[in-house]
Amino acid sequence: MDRPTRKSLKRKLEQDFEHENQSRQKIPATDGFETHQKLTSSIQSLVDILNSTFSSLEADRAAAKRATSALSQIAKNEEVVDTIVDCGAVPALVLHLQTPPPLRGENGPKLYEHEVEKGSAYALGLLAVKPEHQQLIVDAGALTHLVELLKRHKSADNSRAVNGVVKRAADAITNLAHENSGIKTRVRIEGAIPFLVELLDHADNKVQRAAAGALRTLAFKNDENKNLIVECNALPTLVIMLRSEDTAIHYEAVGVIGNLVHSSPHIKKAVLLAGALQPVIGLLSSSCSESQREAALFVGQFAAADSDCKVHIVQRGAVKPLIDMLESSDVQLKEMSAFALGRLAQETHNQAGIAHSGGIVPLLRLLDSKSGPLQHNAAFTLYGLVDNEDNVADLIKFGGFQKLQDGEYIVQQTKDCVAKTMKRLEEKIHGRVLNHLLYLMRVSERNVQRRIALALAHLCSPNDRKVIFLHKNGLDLLLGLLESGSLKQQREGSVALYKLATKATSVSPVDSAPLSPTPLVYLGEQYVNNPTLSDVTFLVEGKRFYAHRICLLASSDAFRAMFDGGYRERNAKDVEIPNIRWDVFELMMRFIYTGSVEVNINIAQDLLRAADQYLLDGLKRLCECTIAQDISVENVSLMYELSEGFNAMSLREACILFILEQFDKLCTKPWSSSLIQRIMPEIRNYFEKALSKPTNLS
């Protein structure tokens, strides 16, 4: 990819310039100018010198050389580049890319030969750092002259001056074509590419590097340029450059190849045939992080080609350095490494190899990254790894399930990827994977046992819950977390227990009322408090309520005992009800006569008390369901006490599930710890009872 930014290109040009001029007296930079007007005047003077010195006279050549150098120094300050262009520097500099006509009778080397052209090319390269100036420079005819400068490497005088001007011409082409598709095409039309390819074999390393940099830029997102570079037989030399000990050379070479193969399957094949794979893999261990990054990108591109290539990359030693790169402090390096590993992890044996080489833990750490692309690449790689059953237990053992579950993901694409990974994990929890996890849950250290129990609570099949959590100690591990002194562990335990309790059913016991038992006799709505055929009267709050013994006898053991036993109510015509309000009693009787009743939250607790007193289980459960809808963080403790007072098992279970579900909110309350300790026996009893049912826990 075309990685270097404009600032990095400018910095590279400046560093080269300073190196070449370190022993020379430097021309003062713009800091010495007191005002913008003075600066503009100075620039204009330099431009005027260039416009008036295009000749082979010694004085003119010397003046032109000084003027191009001075403009180059000023152009390093990007803030004044526009001023330089506004003063007409571009056509003046383009003019001096050419050799001036010889003097009459001139024979032999020209004074300052190559030096003026070199300075002009350098200054134009700096001006081209701003995209808006690229086309202006090209329209002034710079490309034709720059290509002519590239040809000077064929000169018999293979001097430092020749090398310098060739290098500066290549650098200028790089900056002009940067992210400008039209100029990239113009460069090809002007015939620069064959000469740049020739320069890859140049004896001077700096020239090689500059030529490779230009080809790299020209190849980026330009298929015609790519094809021409390959047709000019650049690949063999580029592959050799990959093995260079000069980091600058192999960095540019791998960049060129990376851009050539991008979205070009036929060039990928050609690059492989040229022998690039092994030296690129070697660059994964380079001391240059930029070369490592480009090599990782290259590996990722090749790993997408076909399965055989994926395997070959791993066989040739790419995995270990890629995993080492995941630990780098360079975010882009980690991103490219995770990208490559993600592509490699689409093959079964590679998945096992990446995990075996230690890839899981650093990939899990990257899920915490603040970089969206890095986070996504790590998630995608983990998605590939869990496709292999051999990796599932290790990922869970290292806390991977909790990491995936608790991650804060930046982009939706990553969230979707993690969801698919969780689903894939769930599909793997059976057979030998489950047996391996159960073995680890028995023999591993406590933290690992807990991680496995937490994961299995979310992932296991309903039919395996009894074995995992009753027979293999999984429930004790989860309850131990709930009793832990660590708030984090308590939260994890509560979430897992709630998931375990609700996973097998789509409807929570809190959300729907149970069906009331069918009584033997329904007299119907019309007989509620109806004196017709009434054979017993209840006195409630001083008012008479007419009832029928046959209906009451069929409704509950309490009424059967009242009217069939030795109680005084047996033969009484009027039965006093001292502790129940009229509206509560009426609703209770309506349930007895019809089998159903709508329970309002305002009356539910009083009605529950009455239903418990008269052993009306169906009504009692309706009341519990209504009350359960009103459970809140503030009242759950009171609700639990209510369930204990009236042996309301459904309400008690609803309280337990609410506490587990809302633990994050409850844990902020000062009484939460004592509440948890108080209900722990009931939580255990609930799960032991529920887990005995293999397919339904509610």
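Numbers here mean position along the shown chain, with the first residue as 1.
Glycine too: its Cβ is placed from the backbone N, Cα and C atoms.
Per TrEMBL, the feature compositional bias 'Basic and acidic residues' maps to 1-23.
What TrEMBL records for 1-33 is region 'Disordered'.
As annotated by TrEMBL, repeat 'ARM' applies to 141-191 (among others). Summed and averaged per residue, pLDDT over the repeat 'ARM' (141-191) gives 92.
Long-range contacts of the repeat 'ARM' (191-229) within its own chain (CB-CB distance under 8 A, at least 6 residues past either end) are made by residues 1-2, 16, 143, 146-147, 150-151, 153, 158, 163, 166-168, 170-171, 173-174, 177-178, 181, 184-185, 237-238, 241, 246, 248-249, 252-253, 255-256, 259-260, 262, 264, 267. Residues or ranges marked as repeat 'ARM' in TrEMBL: 191-229 (among others).
Residues or ranges marked as repeat 'ARM' in TrEMBL: 233-275 (among others). Residues 1-3, 197, 200-201, 205, 208-209, 212-213, 215-216, 219-221, 223, 226-227, 282-283, 286-288, 290-291, 294-295, 297-298, 301-302, 305, 309 of the same chain, all 6+ positions outside the repeat 'ARM' (233-275), place their C-beta atoms under 8 angstroms from a C-beta of that stretch.
With a cut-off of 8 Å between Cβ atoms, the residues of this chain six or more beyond the repeat 'ARM' (317-359) that come close are 281, 284-285, 289, 292-294, 296-297, 299-300, 303-304, 307, 310-311, 365-366, 369, 371, 373-374, 377-378, 380-381, 383-385, 387-388, 390-391, 394-395. What TrEMBL records for 317-359 (among others) is repeat 'ARM'.
Residues annotated as repeat 'ARM' in TrEMBL: 358-400 (among others).
The domain 'BTB' annotation in TrEMBL covers 534-601.
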